[in-house]
Amino acid sequence: MSRAFLNNGFHYIRDLYCVWDFRPRIKSRAYMMKMEIRPLLMCFALCVVYATSKPTEKKDRVHHDAPLSSKEHDDGTNFDYDHDAFLGEDEAKTFDDLTPEESKNRLGKIVEKIDADKDGFVTEAELKAWIKKAQKKYIYDNVERQWKDFDMNNDGMISWDEYKNVTYGTYLEDPESDDGYNYKQMMARDERRFKMADGNGDHIADKEEFTAFLHPEEYEHMKDIVVLETMEDIDKNGDGFINLEEYIGDMYNHEDEMDEPEWVATEREQFSEFRDKNKDGKMDKEETMDWILPADYDHAEAEAKHLVYESDTNKDGKLSKEEIINKYDLFVGSQATDFGEALVRHDEF
């Protein structure tokens with residue numbers, strides 16, 4: 001399978017596999033025997049997607065936060081949006097069959113987890129952090145699935161050597177093999193990212209550091225590496241910038257097309273009018289960051305403010321456990337589905 005094929009198929013399955021980049025992983029022989037079905041399935045998925053996708057579809061490198069809920073935010077009708085935002089859609093559903101008392105008890109335990117500094121109150125910042133974590137559950141689930149593959153000595157940590165040996169085992173055993181990939185360069189790129197994710201510099205990653213390694217776009221301190229890797233992918237002439245030709249060439253292959261689709265012309269205008277802010281004909285690091293990691297509206301922060309405003313009865317700017325439990329149906333669902341009665345309870349509180 002050629003690198004071009006992998007690159008063309010990458011952007012269609014990035015969200016499915018929850019990783020920023022899709023590169024071939026060169027496992028050790030023992031590991032390959034254990035995991036041989038996985039690459040076959042991934043290869044099949046790539047083949048299906050690539051074969052059925054239109055050649056004029058656009059590669060999208062821009063990272064946007066997903067909405068907190070697919071439901072409309074209308075507290076005058078129901079609190080479904082708030083439930084999804086606070087718990088994540090899948091977790092929110094698990095409350096629907098609970099009695100009000102069961103929901104309150106379970107919510108109380110969640111409140112204790114949200115209170116990070118254990119001072120007995122939930123601040124807006126703590127609530128925002130919780131909402132962001134709830135919304136990224138799919139990422140943490142993905143890390144959990146991969147963790148056991150790389151933690152070879154089962155010590156609860158993943159060292160760079162463990163990751164390197166599992167990922168590039170076959171290459172390390174036979175560095176002279178030539179199958180079209182520059183594994184030495186790929187390994188160096190992985191090590192650079194691993195070091196940036198490794199906050200204390202001990203070459204060993206805990207769960208949070210390994211999550212930052214696999215999903216750098218989700219971490220503020222990893223944004224520079226996301227930009228750097230993106231520019232290395234697109235910058236074909238190696239001048240450290242992205243010009244218009246490279247920008248268009250990354251998202252559109254015109255070899256088999258007689259006429260450019262309309263969106264290509266639109267992207268040319270986007271590059272000239274918005275991407276290239278200083279009008280020098282190319283994108284530098286800062287301009288590339290503004291493109292792929294835009295400063296979106298912070299939905300988690302807005303929801304945290306909303307929940308505090310609605311629940312903070314003494315208006316001290318933070319929530320006690322009692323205040324949250326009193327407004328439990330704003331945060332979580334239950335079998336009590338009479339929304340009119342719920343509104344009456346809120347008025348009474």
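From the backbone N, Cα and C atoms, a Cβ is placed for every residue, glycine too.
It should be emphasised that the depicted structure is a prediction, and the values quoted were computed from it without experimental measurement.
Under the heading domain 'EF-hand', TrEMBL lists 102-137 (among others). Beyond the ends of the domain 'EF-hand' (102-137), by six or more residues, the same chain brings 65-66, 68, 85-88, 90-91, 95, 218, 300-301, 303-305, 307-308, 317-321, 324-325, 328-329, 331-334 to within a C-beta distance below 8 angstroms of the stretch.
Taken as a whole, the domain 'EF-hand' (138-173) shows an average pLDDT of 93 in this prediction. As annotated by TrEMBL, domain 'EF-hand' applies to 138-173 (among others).
Note on the domain 'EF-hand' (185-220): residues 18-20, 23, 63, 136, 139-140, 142-143, 146-147, 150, 156-161, 163-164, 167-168, 171, 226, 229, 232, 293 of its chain, located 6 or more positions outside it, place their CB under 8 angstroms from a CB of the stretch. Residues or ranges marked as domain 'EF-hand' by TrEMBL: 185-220 (among others).
The annotation domain 'EF-hand' is assigned in TrEMBL to 222-257 (among others). With helix defined as DSSP H, G or I and strand as E or B, the domain 'EF-hand' (222-257) counts 21 helix, 2 strand, 13 coil.
Annotation source TrEMBL lists domain 'EF-hand' at 299-334 (among others).
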**Request:** Report, as numbers and ranges, every residue of the chain located at least six residues beyond the domain 'EF-hand' (299-334) whose Cβ falls under 8 Å of a Cβ in that stretch; write 'none' if there are none.
**Result:** 65, 67-68, 75, 79-80, 82-83, 85-87, 92, 95-96, 98-100, 102-104, 106-108, 111-112, 115, 120-125, 127-128, 131-132, 135, 342, 345-346, 349
**Outside the domain 'EF-hand' (222-257), six or more residues from its ends: residues with CB under 8 Å to it** = 8, 20-21, 55-56, 58-61, 63, 189, 192-193, 196-197, 212, 216, 264, 267-268, 271-272, 275-276, 281-285, 288-289, 292-293
